[in-house]
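J.: First, the structure itself, so that you have it in front of you.
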Amino acid sequence: MTQNQKKKSSREREREREREETSNRGRGNSTRTKKQVRCERASFFFIYGPRSRMMNVGPSGFNNAPVSRAFIVATGAFTVFFGIRDRANKLGVSYQDIFQKMQMWKLIPAIFAFSSTPELIFGLYLLYYFRIFERQIGSNKFLVFSLFSTIVSMVLQVLTLAVVNVPSSNLVSSGPYAVIFASFVPFFFDIPVSTRFRVLGISFSDKSFIYLAGLQLLLSSWKRSILPGICGILAGSLYRLNVFRIRKAKFPAPISSFFSRLPGLSTGSARVSPTRNVVGNIPSFASHQRNHTSVPSTVEPSEESVATLVSMGFDRNSARQALAQARNDVNTATNILLEAQSH
């Protein structure tokens, strides 16, 4: 062999060793994080859908989000009602209202009704956007999340009023600040950034618009809106920390399905199929397999749906069986597969 051939051979051996080391490291990392990556892909699919774009968070409207729909309707109705009666400036609570006059009824409009039009616009926009969490965790758990956030935030606000003790001032602005700002906690931790761009040298992402809308709402009434906003963030943090194991709590099925049966709030579907459940409300994949022989499926899974689940890391056969049980609904099939992994 010539000297040039020897050098070439030694270089090829070195490159081969480097490729083997890189491949081994890659296999080790993929083994360690395989389930994590699969769950991340599934969560991303739940939130953004298979063809996500900037600020596109799945199907439009209130499909699979009846609690969010009812909350938005109630907020708009209360705000318009008090605005027509020219009582919007009297909304909000103070130390005098709660501890001296004992007007506890003021806490109810304080949960729903905004006191100004800018607050209403930004508040409804954020409530509509955060319906993605109801689609992700299910209406039952989202109802628990909303009720827990509202109660905890209200308790924190009342305790703050007791400490500050300023009788003549309405220190707390009214509106669903608790649910909105509690939702910013999972939005910060769980929603991935899909798009980044720069404007005048400043870096932004598709999440920046939601943060700016939240900042506008937080500062809309200055001191009066900062307090309920901060209390809402604290309530959302306590929910995320699973205080009192609240994340495992559920309402009975008749209560959780009440919002989907409200008259005049239909999403365009005459009847919701029992298979269109969401995470936390569906039986495990094992039970679906046991019932598969007794309940024949009339819907053949499409190759596109199977390919979507396979691209998320699921086995092709399991994907087909889940799609057959879910009647080719990819969202429900993904729920079934994730539930099967958790058992």
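The backbone N, Cα and C atoms fix where each Cβ goes, and this holds for glycine too.
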J.: So which range, 174-190, 225-241, gets flagged transmembrane segment in TrEMBL?
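T.: So the range that TrEMBL calls transmembrane segment is 225-241.
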J.: Cβ pairs under 8 Å only, please: of the recorded stretches 61-84, 104-130, 225-241, which one is richest in them relative to the transmembrane segment (142-164)?
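T.: By the under-8 Å Cβ criterion, the transmembrane segment (142-164) pairs most with 225-241.
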J.: Reported in the order helix, strand, coil, what are the DSSP residue counts of the domain 'UBA' (300-340)?
T.: 30 helix, 0 strand, 11 coil
